[in-house]
Amino acid sequence: MEKIKVKEIFNNVYSVDFGDGLKRIATKSLIPGKRVYGEKLVYSDNIEYRVWNPNKSKLGAAIINGLKKMPIKKGTKVLYLGASAGTTPSHVADIAENSLVYALEFAPRIMREFIDSCNERKNLIPVLGDANRPQDYSNIVEKVDVIFEDVAQPNQAEILVKNAKWFLKENGYAMISIKARSVDVTKNPREIFAEQKKILIEGGFEIVDEVNIEPFEKDHMMMVGIWKGN
């Protein structure tokens, strides 16, 4: 481990300066000494931090690229759609600290990887299910403050609205990483982002932030919305 300069930029999210001019972020290690995806562990004032790799996390990429609204913070209850093997959910769990993060994944094999890498994080609740069918996991997931979605499906925006109706508190927040090529490979990504935004607004969201996450992910846009219901 090595010495670094640390500055809090959002609640429980930190910029880390190694003195080389590169922009990096990190979260405090909820489980000190435990890596999830081979990330670098560093320390400052006897506190361990996990460097958050924006090449492996769309939320990390959005923060690096200038995200202004970051609704996930200490005490935030989160539903994470598209947990994959747990890279970003592990950082979300660090930020939320003792608050629950429900991590939904569709593929059983990937869910096994997730459980293996994140089993010590007691606030991460693995949920095997299809994000298109929130009724199937409504007996597990409670009302949440934030929904985060990273699901590569053509109906990405509709999935978020559907889950918000089931689980998101009024005036709660949602964050969605829209992958244009998963919606329609033939259209200009800017058209797709506009269409997906329209679906979100008509579904009951007020969009309060948008961040393009290139060069970390091509044709991806992070949107942040407040749930007003409908």
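Using the three backbone atoms N, Cα and C, a Cβ is placed for every residue, glycine included.
What Swiss-Prot records for T87, T88, E105, F106, D130, A131, D150, V151, A152, Q153 is S-adenosyl-L-methionine binding site.
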- Message: Applying a 10 Å Cβ distance cut-off over all chains shown, what neighbour count does T87 (S-adenosyl-L-methionine binding site) have?
- Response: 23
- Query: For D130 (S-adenosyl-L-methionine binding site), which DSSP three-state class applies?
  - Reply: coil
- So what sits near A152 (S-adenosyl-L-methionine binding site) in its own chain, CB-to-CB under 8 Å and at least six residues off in sequence? G82, K179, S182
- Query: Secondary structure at E105 (S-adenosyl-L-methionine binding site) (DSSP, helix/strand/coil)?
  - Reply: strand
- Task: List the residues of the same chain that sit at least 6 positions away from D130 (S-adenosyl-L-methionine binding site) in sequence and have their Cβ under 8 Å from its Cβ, in sequence order, or write 'none'.
- Result: F106, D136
- Task: Can you check which residues sit near D150 (S-adenosyl-L-methionine binding site), meaning Cβ under 8 Å from its Cβ, same chain, 6 or more apart in sequence, and list them in order?
- Result: K58, L59, Y80, L81, G82, S84, T88, I176, S177
- Query: Where the record says T87, T88, E105, F106, D130, A131, D150, V151, A152, Q153 bind S-adenosyl-L-methionine, what is the longest distance in Å from one Cα to another among those residues?
  - Reply: 20
